[in-house]
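According to Swiss-Prot, the feature [4Fe-4S] cluster binding site maps to C48, C51, C55, C83, an assignment based on sequence analysis. The Mo-bis(molybdopterin guanine dinucleotide) binding site annotation in Swiss-Prot covers K85, Q152, N177, C181, 214-221, 245-249, 264-266, M375, Q379, N485, 511-512, K534, D561, 721-730, N805, K822 and rests on sequence analysis. Residues annotated as substrate binding site in Swiss-Prot, with sequence analysis given as evidence: F797. Taken from Swiss-Prot, the feature domain '4Fe-4S Mo/W bis-MGD-type' applies to 41-97. According to Swiss-Prot, the feature signal peptide maps to 1-29, an assignment based on sequence analysis.
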Amino acid sequence: MNLTRREFAKANAAAIAAAAAGLPILVRASNLVTEADVTSLDWNKAPCRFCGTGCSVMVATRDGQVVATHGDIKAEVNRGINCVKGYFLSKIMYGSDRLTRPLLRMKDGKFDKQGEFQPISWEQAFDIMAEKFKAALKAKGPESVGMFGSGQWTVWEGYAANKLFKAGLRSNNIDPNARHCMASAVMGFMRSFGMDEPMGCYDDIEATDSFVLWGSNMAEMHPVLWSRVTDRRLSAPQVKVAVLSTFEHRSFELADIPMVFKPQTDLIILNYIANHIIESGAVNRDFVERHVRFAHGAEDIGYGLRPDDPLEKKAKNADKANTWSDIDFNAFAEFVKPYTLERAARESGVPAERLKALAELYAAPRRKVVSFWTMGFNQHTRGVWANNLIYNIHLLTGKISEPGNSPFSLTGQPSACGTAREVGTFSHRLPADLVVTNPKHRETAEKIWKVPAGTIQEKVGFHAVQQSRMLKDGVLNVYWTQVSNNMQAGPNVMQEVLPGWRNPDNFVIVSDVYPTVSAQAADLILPSAMWVEKEGAFGNAERRTQFWHQLVKAPGEAKSDLWQLVEFSKRFTTDEVWPAELLAKAPELKGKTLYEVLFRNGQVDRFPASDLAKGYANDEVDAFGFYIQKGLFEEYAAFGRGHGHDLAPFDAYHEARGLRWPVVDGKETRWRYREGYDPYVSKGSGVQFYGYPDKKAIVFALPYEPPAEAPDRDYPFWLATGRVLEHWHTGSMTARVPELYKAVPDAVVYMHPDDARQLKLRRGSEVRVVSRRGEIRARVETRGRNKPPQGLVFVPFFDANKLINKVTLDATDPISKQTDYKKCAVRIELLNLA
C-alpha cells in the first residue's frame with residue numbers, strides 16, 4: 001500500500017482521533033463509495049457544528065435524516081479530515097430526549113414558577129412571553145429585559161437578535177456566551193490595533209519556523225489544526241514548538257520547549273521576552289518607528305467582582321480600566337527592564353534556560369513565529385493585558401501580518417468570530433466593530449436599520465456575568481437565552497446564577513435542542529432546530545465565512561432560533577415599546593409591529609423566495625414568504641463594506657468553501673495590514689494598521705498583577721477548568737453520542753500523584769472539591785492525558801452531573817468582562833478511598 005506524505009498525515013490524524021476516544025478504526029477505507037445513484041445518499045457541504053476551527057464536512061442525508069458525515073476534501077481548512085467529534089456529527093441531532101414541543105412550568109392549568117413542565121403550543125408560548133416582556137417594559141423600561149446569546153448562533157440569527165433587542169426593544173442587555181471565551185481577545189485587538197480579529201490565517205502554519213502555544217491545548221481543542229502543526233514540525237528540521245501552560249497536557253508531546261508556569265505569571269514571562277528583545281538588540285527599529293506607538297495602560301484595575309467586594313473597593317482604577325497615556329520607546333524599555341530572566345524564572349517556576357530559548361525564538365531576526373492562544377490567555381483577570389503583551393512582542397520584532405509571522409487568537413465556538421464579534425451581539429457593540437457609546441456609530445446603525453435617530457441607547461447593557469447578578473438583584477426580570485447553557489457554563493452558579501433564574505419576580509426562557517441544566521432551571525423551554533435543520537452561516541477563527549443549506553427538517557414542532565426571534569417580533573407594536581418622542585420623529589412607523597419595522601422594512605424582505613437554490617428546503621422562507629436569510633445578510637454586510645470588513649455577495653458563499661474577509665472585488669484577504677495582501681493598505685506603505693487614524697499599532701506597558709484569589713492554608717490548591725477532546729463545552733451534544741460518552745463518561749479531578757499520596761488518596765478515590773462558593777464530588781485521576789504540577793488540580797466542565805462551576809469564582813477581566821475560569825482556590829476532601 002503506497003501512501004503520499006499527505007495521505008499518511010490524514011490517515012494518521014484519523015487514527016489518533018479514534019484512538020484517543022478508544023474507538024476502532026478500519027485499517028483501510030479506499031473503497032469508500034459516495035455517489036448518490038449508488039448509495040441513495042445526498043451529499044452537501046456544511047461547516048462543522050463544534051469548535052472555531054471551521055472544518056468543512058460533507059453531510060449525507062437519506063429519507064429526511066442525516067445518516068453520515070466525512071471530512072470535505074475540497075476544504076482548505078481541514079483538507080478532508082475531522083477530529084473525533086467531527087466524525088460523529090451525524091448523531092448529534094438524534095438524542096432520545098430531543099425537545100420537540102414548547103414546555104411551560106404549570107400548575108392547575110396556569111403558569112406557576114414552582115410548577116412542572118407541561119407542553120403548550122407556540123401560540124401560548126409567545127402569549128406568555130409577550131405578556132412578561134410588556135409588563136416589565138411598562139413597569140421598569142428596557143433595562144428590565146435581556147437576552148443571552150451565543151457564538152453558536154448563525155450569522156443571521158445573531159443579527160436578528162441584535163436588531164430586535166437594540167433597535168426594537170431598545171435594550172442593550174444582549175450578550176453572547178462568547179463573553180466567557182473571546183471578549184479579552186476582542187479588547188486586545190481593539191486596544192492594540194483599533195480593529196478586531198486576527199491579521200493572519202491558517203496558511204501561516206505551513207509558512208512558519210516556530211509555534212508558541214500560550215494557554216492553548218491545540219492537540220485536544222483544535223485537533224485538526226494541530227495535525228497541520230504536527231505535519232509542519234515533522235516535515236522541516238528547523239521548526240520548533242514551545243508550549244506554555246499551568247499544567248502539562250497532550251500538546252506537550254510535540255514540544256521542543258515545554259514550560260509549566262505558576263498561574264498568572266504568564267504576564268511576567270511576556271514582559272521578560274519584550275525586555276530580552278530590547279536588551280539583545282533584536283528590536284526591528286525601522287518597523288517600530290514607522291508603524292508603532294507606545295502607551296502606558298491603567299494599573300490596579302480591580303477584578304470585575306461586585307462593586308462592594310473588598311478587592312473592588314481597594315482598586316484605584318476600577319472605573320478607568322480601559323484607559324492609557326502616551327509614552328515613548330525609551331519609557332517602555334525602562335518599564336520592562338525589571339522583568340529579567342532571573343525574575344521570570346524565579347516567579348514563574350520555569351527553568352531559566354527554557355525561558356531564554358523561548359525569548360530567542362522571537363528575537364532571532366530570520367526565524368518566523370506564530371503565537372497561538374485560547375482560553376489560557378482569555379479566561380484571565382488580566383486577559384486583555386495578556387493579549388496586548390503578546391502583540392507587543394510581535395510588533396517590536398516586526399513579526400506580524402505576513403506569511404508565517406502571526407499572533408493568532410484561536411476561537412472556541414463555530415461562530416464566535418462570525419456572529420458574536422462581527423455581528424456585534426455583545427452588550428456594547430454593533431456590527432463591524434461599531435459600539436453603542438459612539439454617537440456616530442449609533443447614527444450609522446439607525447440609518448441602515450431605518451429607525452429614528454435616538455432609537456439605540458447610548459448606555460452599555462449588562463454583560464454576561466452582570467446579567468446573572470442583575471437577575472439575582474431583581475433589576476433584570478425577563479431573560480431569554482438561546483444556544484447556550486449558562487447554568488452549567490457560567491461561573492459561581494449556586495451563588496450568582498441560579499438565584500436569579502429562580503427569583504419569583506423573574507421569567508426565564510431557554511431555547512435549546514435538549515433538556516440541558518439551563519433548560520431545567522427555566523420557566524419556559526422552546527424547542528430549537530439545530531445545524532443542518534436550518535440554513536446557516538458561521539465565521540471561523542481565520543475570518544472565513546461559511547454557508548450551508550437546510551438539509552433536513554427539525555423534529556416535531558422545533559423551530560430555528562431565527563424563526564423564534566422574527567415571529568416573536570410580531571407581538572409588539574412601536575406604540576408599546578417606543579416612547580412618544582421617538583415615534584414623533586417617524587410617525588409613519590406608529591402602530592406598526594416590530595416585525596414590519598425591522599424585518600419587513602424594504603431591505604430584509606427584498607429577496608423573493610425564488611432566489612433560494614432549487615432543491616433545498618428553507619422553513620423560514622416558507623414561514624415569512626421571502627428569502628429572509630439573504631435579506632438579513634445583505635443588510636448586515638452594508639455595515640462593513642468599504643470599511644475593511646467587506647463581505648462577498650450572499651450567493652458567493654453557497655458556492656465556495658468559505659471566504660476570508662475583507663473580500664474586495666471577489667478576492668479574499670489572507671493577511672491583513674500588509675501591502676500586497678490587503679487591498680486597504682496604500683501602495684508603498686508596506687504595513688498600515690488602519691484601525692487607528694494614524695495607521696499605527698500600540699505597544700502597551702502593562703505590569704504583572706496578582707490573581708483575584710490564590711491558594712492559602714484553608715484552600716491550598718489552584719483549580720483550573722477546561723475541556724477534553726471527546727466533549728464540547730457542556731456536553732449537551734457530545735454526551736448524547738454513545739461512542740463519545742462511552743469514551744469519556746465522567747469528569748475527573750486530575751491531580752499530581754504526590755499530592756494524592758500526601759492526602760492519602762489514590763487513583764479512583766472519590767473526593768469533594770470545595771471552594772468558598774460551592775463544592776462537587778468526583779473521582780481522582782493521577783494518570784492520563786493531563787498532568788498538573790503539585791498544588792494544582794484540573795477538572796473539565798462538560799459533565800452535567802459534576803457542575804464544577806459551582807466552585808469557580810466570578811472574577812472577570814475589568815476591561816473585557818470575561819470570566820477567569822483558570823484560577824481559584826480549592827481544597828480536596830476524601831469521601832471514599834476506592
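Quick reminder: no glycine exception, Cβ is built from N, Cα and C everywhere.
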Q.
Suppose the [4Fe-4S] cluster site is C48, C51, C55, C83. Which further residues of the same chain have a Cβ inside 8 angstroms of that site's Cβ centroid?
A. F50, T53, G54, N78, N82, K85, G86, P223, V224
Q) If you measure from the Cα of E248 (Mo-bis(molybdopterin guanine dinucleotide) binding site), which of the binding-site residues C48, C51, C55, C83, F797 is the nearest? A) F797
(Q) Near E220 (Mo-bis(molybdopterin guanine dinucleotide) binding site) in space, meaning Cα within 10 angstroms, which of the binding-site residues do we find among C48, C51, C55, C83, F797? (A) C83
(Q) Across the domain '4Fe-4S Mo/W bis-MGD-type' (41-97), what does the mean pLDDT come to, as a whole number? (A) 97
Q) How many helix, strand and coil residues does the domain '4Fe-4S Mo/W bis-MGD-type' (41-97) contain under DSSP? A) 6 helix, 20 strand, 31 coil
(Q) Please report the three-state DSSP label of E220 (Mo-bis(molybdopterin guanine dinucleotide) binding site). (A) helix
Q: Starting from the Cβ of E220 (Mo-bis(molybdopterin guanine dinucleotide) binding site), draw a 10 Å sphere and report how many other Cβ atoms land inside it.
A: 22
Q | Largest tally of Cβ atoms lying within 10 Å of a Cβ, found at which of the binding-site residues K85, K534, H729 | A | K534
Q | Local Cβ density at M375 (Mo-bis(molybdopterin guanine dinucleotide) binding site) - other Cβ atoms counted within 10 Å | A | 27
Q) Of C48, C55, C83, F797, which binding-site residues are close to V724 (Mo-bis(molybdopterin guanine dinucleotide) binding site), meaning a Cα within 10 Å of its Cα? A) F797
Q) According to DSSP, which kind of secondary structure is E248 (Mo-bis(molybdopterin guanine dinucleotide) binding site) found in, if we only use helix, strand and coil? A) strand
Q: Mind giving me a neighbour count for V724 (Mo-bis(molybdopterin guanine dinucleotide) binding site)? Other Cβ atoms within 10 Å of its Cβ, every protein chain shown.
A: 27
(Q) Using Cβ atoms only, which residues of the same chain lie under 8 Å from C51 ([4Fe-4S] cluster binding site) while being at least 6 residues apart in sequence? (A) M221, H222, T411, G412, Q413, P414, W728
Q: Taking Cα atoms as reference points, rank the binding-site residues G215, M375, K534 by distance from C48 ([4Fe-4S] cluster binding site) and give the first.
A: K534
Q. Do you know offhand how many angstrom separate H729 (Mo-bis(molybdopterin guanine dinucleotide) binding site) and the residue listed as 'substrate binding site' by C-alpha?
A. 7
Q: Going by Cα-Cα distance, pick out whichever of the binding-site residues C55, C83, F797 is nearest to G215 (Mo-bis(molybdopterin guanine dinucleotide) binding site).
A: F797
Q: Compare the C-alpha of M375 (Mo-bis(molybdopterin guanine dinucleotide) binding site) with the C-alpha of each of the binding-site residues C55, C83, F797, and give the closest one.
A: F797
